[in-house]
Amino acid sequence: MISFKQLVCFVLSLLSFMSVFYSVGKLGIFLATPSRTQPTTQAFPTNRAEIRATLFPLFFNTIWVVLFVLQHTSMRTEMVKRVWKAIGLELAERSLYNIASSYCLLLLLKNWKSSPTQYRLWFFDVEDNKTLWWLMVGSHVLCWIVVYGGSLMVDLPELIGLKHVYYDINDLAPPMSYKSRDLQDYYQRYRHPSFVALTTVLWFTNGMTIDRLLLAIVWSVYMYLAWNTTQEDLKYHQHQLERKRAELVHVTK
């Protein structure tokens, strides 16, 4: 018999699943949509009015970017985890983290403001060149496929929060306890897949506006600093790769 607590956590895990896929889908469309307006002839603002018109949207965009970074960092702390445990929602910790991240991301996308002058660091027209258009959009699609595939490899049901509820309903230990100590240590430092793919979707655009540059710089720096892999992580990956190769050789014989 499922308890009320398990039922609540199950609903939260489903909401986490839907929120993550919806928000990431919106982000993918936001980053991959080609810029179709014509570039200005000036690279940067030249007078006070233009500077104010450029800085005003950047100020609000910075608020939403910082909010996302703070949420993404603060909810991983032990203090927040103790709060969930105190109110009996430790089972939904991963789900609540994903829900909060998703809605912070949706707030950022909904309230994102672009400068009316749209100054660009670079621009290339993709409307008249279908090859460039498909190259840009196809690259983004490929990168998101890599991210999704990487999420499956790092145990997507556990990452979303569904596995925690399933294991608890079946009187099993938390899913992370069934993983090796090396893998647990690795997951504590690194859960997001493919730094290269996510960096590509941030920077590979046909029109790099100042507001898009802000987003790309802050998130790239945050990913670089937050995903602090070590030499032990590299050795762990190398060891697992050698094991897989040995298994494949054994199977093909």
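Using N, Cα and C of the backbone, Cβ positions are placed for all residues, glycine too.
The transmembrane segment feature in TrEMBL is assigned to 7-31 (among others). Taking Cβ pairs closer than 8 Å, the transmembrane segment (7-31) reaches residues 89, 91-92, 94-96, 98-99, 101-103, 105-106, 109, 112, 140, 144, 160-162, 164-165, 168-169, 201-202, 205 in its own chain, all 6 or more past its ends.
According to TrEMBL, the feature transmembrane segment maps to 51-70 (among others). Cβ atoms under 8 Å from those of the transmembrane segment (51-70) belong to residues 45, 101, 104-105, 107-108, 111-117, 119, 210-211, 214-215, 218-219, 222 of the same chain, restricted to positions at least 6 beyond its ends.
TrEMBL lists 132-154 (among others) with the feature transmembrane segment. Residues 24, 28, 31-32, 34, 124-126, 187, 191, 193-194, 197-198, 200-201, 204-206 of the same chain lie 6 or more positions beyond the ends of the transmembrane segment (132-154) yet place their CB under 8 Å from a CB of it.
Per TrEMBL, transmembrane segment is recorded for 195-225 (among others).
Tertiary neighbourhood of the transmembrane segment (195-225): same-chain residues 28, 31-32, 34-35, 37, 39, 54, 57-58, 61-62, 65-66, 69, 72, 112-115, 118-126, 132, 136, 139-140, 143-144, 146-147, 150, selected by CB-CB distance under 8 Å and a gap of 6+ residues from either end.
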